[in-house]
Structure formats: structure tokens, C-alpha cells
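Below you'll find the structure, written out as C-alpha cells, and then a few comments.
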């Protein structure tokens, strides 16, 4: 049996409109909260190389900076370019005070000979420590060396995994599940 709009009780129509508005509000909250969560932090471990062609076989990139004041700004403003062909590693040189405050950070592409002197060296005259580390792999020099445990010559191959598209598909499906019963 079909009802004319005048045959429906007003409270049923208002309840139906309220349910639709509530469903739309829930979907919008989910969408906005998920977008905010993704944009909240910069994760330097998740950096993936671009899909542009490499200049030569086994090309790689390192975070690069010269005398930066802190690690965050070094990584954030690092120049995005391929390392020269005569280099194989990423070198990090970290100068810091006896209280652990960074005074200078240098990161660059390096040859094997530049990586022979890894470790930490304390200068009694200036009360500063210099720690040097080298690593092998695409953008492997995220962290700073701060002691003999991490001021090493490490061979670390970055994992190349493709990102999942699940969050993209999840939201439209969720929206459809909420809205479909209300129609």
C-alpha cells in the first residue's frame, strides 16, 4: 500500500529525517577523524623512493644536510637527489654536548673509505662528543648516532613494500553500510 505524504504521521517522517542526518554525521566524523590521524605526524621511516628512473644500477638516496641544528630539520629539509655513483653508503656525523643536546648534524652520501672511522669520540677540551655512523640502503640514515651501540657501520636494506589501499576502500564501504538500511 502506498502512502501519500499527508497519510504518514509527522513523527515517522521526522524520525526518518533524524536517522538520515545521524547517519551522515557519523560518516563525516569517521572521514574527518581518519584524515586527521594520517596527517598528524611525519614518519621518516615510511619514506619511499619516487618512481622516477634511477640514474644508474643500484642507485640510492640518503638524507643529506650540512651542519643542521637538529635531526628533525635535517631530515625534513634534506635535498632529494640520487647519491653519486662512487658512493655506496649513507654517513651521519653527530656533534653534541655532554648533556646530549645536538650542536651539529651532517648527513651525506659516502664511500667505503669515509665509513672506516665510525664510533664515538669525546673531546675533553670542548666537552663535546662526535659520533659517526654509516649504513647501506635506501634512505637508511634516519636516526642519529649517540653512543657506541648505534655509532656503527650497519648494512640495512630498506624494505620496499607497496602501501595498502584498504583505508581508501574501507570508508566508502562503511558509509554504504550505514546509509543503506536507512533508505
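Yeah, the Cβs are placed from backbone N, Cα and C, and that goes for glycine too.
Sequence-distant contacts (6 or more apart, same chain, Cβ under 8 Å) of residue 90 (disulfide bond) comprise 60, 62, 63, 83, 107, 108, 109, 110, 134, 135, 136, 137, 139, 140, 141. Annotation comment: Swiss-Prot describes 62-90 (among others) as disulfide bond, evidence class experimental evidence.
Residue 65 (disulfide bond) falls within a strand when secondary structure is assigned with DSSP. Residue 65 (disulfide bond): 21 other CB atoms within 10 A of its CB, across all protein chains. Marked as disulfide bond by Swiss-Prot: 65-74 (among others).
Residues or ranges marked as disulfide bond in Swiss-Prot (evidence: experimental evidence): 83-109 (among others).
Every protein chain considered, the tally of other Cβ atoms within 10 Å of the Cβ of residue 115 (disulfide bond) stands at 21. According to DSSP, residue 115 (disulfide bond) is assigned to a helical segment. The disulfide bond annotation in Swiss-Prot covers 115-134 (among others).
Spatially close to residue 120 (disulfide bond) yet at least six residues away along the chain are 129, 130, 131, 132, 145, 146, 147, 148, 151, judged by Cβ distances under 8 angstroms. What Swiss-Prot records for 120-131 (among others) is disulfide bond.
According to its DSSP assignment, residue 135 (disulfide bond) is in a strand. The annotation disulfide bond is assigned in Swiss-Prot to 135-140 (among others) on the grounds of experimental evidence.
For 60-151, the entry in Swiss-Prot reads domain 'UPAR/Ly6'.
The GPI-anchor amidated serine annotation in Swiss-Prot covers 164.
Note: the region 'Sufficient for inhibiting alpha-7 nAChR currents' (60-154) comprises 10 helix, 38 strand, 47 coil (DSSP; helix = H, G, I, strand = E, B). Annotated region 'Sufficient for inhibiting alpha-7 nAChR currents' per Swiss-Prot: 60-154, in sequence order.
Sequence annotations record features per position, and here Swiss-Prot assigns signal peptide to 1-39.
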- C-alpha spacing of residue 74 (disulfide bond) relative to residue 115 (disulfide bond), in angstrom: 20
- Query: Near residue 74 (disulfide bond), which residues of its own chain have a C-beta under 8 A away, given they sit six or more steps off in sequence?
  - Reply: 63, 65, 68, 105, 107
- Task: Give the number of CB atoms, excluding that of residue 109 (disulfide bond) itself, located within 10 Å of its CB.
- Result: 21
